[in-house]
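According to TrEMBL, the protein carries these features:
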DOMAIN    13-115  domain 'Cyclic nucleotide-binding'
Amino acid sequence: MNDLDRLHQRFNELVPLTDEQWLRFVPIVESVDYDKNEFLIEAGEVERYIYYIAEGMVRLSFNHDGKDISIDFVFKHNFVSAYSSFLTEQPSEFSVQALTDVQALRFSRTNLYQLYEESHPAERIGRLIAEQAFLRKTSREVQFLTSTARQRYAQLVDQNPVLVQTISVRHLASYLGIEPESLSRIRRAR
């Protein structure tokens with residue numbers, strides 16, 4: 001199955017599309033590749049795309065007082081964007097960086113919004129993707145406010161063991177809101 005077929009399958013999981021409806025997406029999809037450590041967007045730039053990660057993994061991060069903080073990791077078959085910048089057309093506070101070589105499909109804001117005007121199923125897919133992102137973000141915020149670092153790490157291991165094995169200690173620690181040394185102590189205690 002090629003990347004476009006996987007995207008079609010992913011959209012159909014959200015909203016069953018007729019062939020005619022799907023074919024409206026095809027001309028606005030652009031295939032792009034990024035090398036490991038390359039940025040899809042850097043903080044300070046305006047986000048113009050929403051990406052579907054076909055292969056690989058990316059990290060969303062920002063810089064606070066000179067400290068690089070990971071806020072999310074996105075794996076293949078999921079969508080990613082510096083979404084607040086995409087919506088507002090203002091410079092992004094966040095960077096999106098490839099942690100591995102990445103193959104992605106992307107939609108430009110201009111083309112996607114035009115398709116939303118013309119196609120109710122396309123608009124619905126966009127809304128459902130945004131809703132899923134909102135729910136994921138809300139769940140993470142609640143977890144951050146109600147769990148200890150040890151509990152957050154245990155939940156992360158249970159929910160996404162690949163992430164824990166793949167991501168550097170530095171990135172993982174910042175994602176959990178702790179220092180790398182604290183993460184090392186938590187890992188030793190497990």
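In case you wondered, yes, glycine gets a Cβ from its N, Cα and C as well.
Because TrEMBL annotations are produced automatically, they should be read as predictions rather than curated entries.
Since we're looking at a predicted model, the values are computed, not measured.
When pLDDT is averaged over the domain 'Cyclic nucleotide-binding' (13-115), the result is 97. Secondary structure counts, DSSP: the domain 'Cyclic nucleotide-binding' (13-115) has 25 helix, 49 strand, 29 coil.
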